[in-house]
Ligand SMILES: O=C(O)C1=C[C@@H](OP(=O)(O)O)[C@@H](O)[C@H](O)C1
Ligand SMILES: C=C(OP(=O)(O)O)C(=O)O
C-alpha cells in the first residue's frame, strides 16, 4: 500500500495558554445525516436534508446512493457565511427512484455505509459491488450478510463475513423474520430496520447475542423511521426484549434539519474541561437520540458543569478534572475523547463495556493504550475497556491509525501537554473536515 504524504504529516497540536472561552458551531451529525439519506432514497416522494454533514462518510453515502440511481442535488445558500460564522443554509434535495445496478459502492471506512447499504442494494435491480479501505475488510459485516441471505438476497462474498462483496439485487426482497448476533455492532440491527419497510413482508429482527452496544443508535434508527411514517415495534414499546419489527409500507419524503454532531462536540467540551474554560455549542437539541448527549452527565462527573438553554449547551470547566468509572457500552464512540480527558485527571478511571471498539476504525483500545503510554501515561487494556492511571505526560507523536476520534483525542491531550504532534490530522475528514480550523478558532477566541 502506498502511504499518502498526508498520512505521515505531523500537526503540532496547539497548547492552551489559558482557559478557553468560545462558541463552536459543530457541523451536522454523521449518524443522522446517513440515516436521513438512506430513508430519503427509499421514500416514495422527494425530500430535503437541511444542514447535512458534508464529510467523507456522508459524501460516500451520497455517492453510493447516486451510483444506484438516486438524485441528490446539493445547494449552498448564498448567505451561507456571515462574518466568520459557520456555513449554514446548505441543503440536499433527494429524489428517489427505482434503484438499479450495475454499480460499485466505495464504503471507505464508514460503518454506516458498509452496513446500511447492502440491504438497500438488495432492493435494487442489478449487481452492486461493495469495496472500501483496507480496514473495511476487517470490520464485521456477517450479521448483515447472513441476515440478507435469510431474507432472500443473493450475495457473492469470500465467506469471511466482511467486504468485498457483491449484492445481486432482484428489484425486491421477501423480508420476514431473521435472527442475528449484533454484539459486534448495533449497525447490523439499524441496517435491517432502515430498509425493512421496503421489504415485501417487512422485517422482524431478533438479536440473539449476549450484549448489544450503542442502543441509542438503534433508538435513532427507530425514531427516524417513525418520523417518515414507518410502523416499528420495539422492546421499549411493549414488544419482546431484543426484537424489532417493521411493517411494510411506503416512506414519506420529509424536510429534515440535521442536528449538530454531539460526538463531534466532544473535543470542544473536553477543551473547556481540561483548561477550566467555557464552551458554548449552539443548537444542542433539547431531546435527541444521539449518544453524545450523555457527555452532559459524563463530563459533569469528571469536573465540569453545564447549562442547556434554548440557544445551546454552555459547558464550563472548574479547573479540576476527575477520573471516572463508567460503562460506555451505549456510547462507545465517546471512548477516545473520554480516555484523553481521563489521562489528564487527578484520579484513575475505568472505562467498561467497550470490547467491540477493537473492531472500530482501528482497534481503539490498543491504539489509545499505546499512544497515551508513549507520551508517558499508564493505561492498561482490560477485557472490555481501559484502566487509566494519570501520570505527568510529555510531548511526542500521537499516531492516529486513520481514526478521526484518535486525532481529536490527541488534540485534547495537546491542550494540556506541550509538544504533542498529531499524525495525519486530516483523518478527521471522516466526520469533521473542519476540525483543525474549528480547533484553532476556538483557541484564538480565548
Ligand atoms: O449507527 C450509527 O450511526 C453508529 C453506531 C455505532 O456503531 P457500533 O454499534 O458498531 O459501535 C457507533 O459507534 C458509530 O459511530 C455510529
Ligand atoms: C465507530 C465510528 O464510526 P463508523 O460509523 O465507521 O462505525 C465512529 O465514528 O466512532
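Every residue gets a Cβ built from N, Cα and C, even glycine.
Just so you know, TrEMBL annotations never went through curation; they're auto-generated.
TrEMBL names 111, 139, 187, 364, 405, 430 as phosphoenolpyruvate ligands; from the candidate set 30, 278, the record adds 30 to that same site. Annotation: 214 are the binding-site residues among 30, 35, 214 whose CA atoms are within 10 angstroms of the CA of residue 333 (active site, proton acceptor). Looking only at other Cβ atoms within 10 Å, the busiest spot among the binding-site residues 35, 139, 364, 405, 430 turns out to be 405.
Ranking the binding-site residues 111, 139, 405 by the distance of their Cα atoms from the Cα of residue 186 (3-phosphoshikimate binding site) places 111 first. Screening the binding-site residues 30, 35, 364, 430 for a C-beta under 6 A from any atom of ligand 1 leaves none. The two recorded residues, residue 214 (3-phosphoshikimate binding site) and residue 364 (phosphoenolpyruvate binding site), have Cα atoms 16 Å apart.
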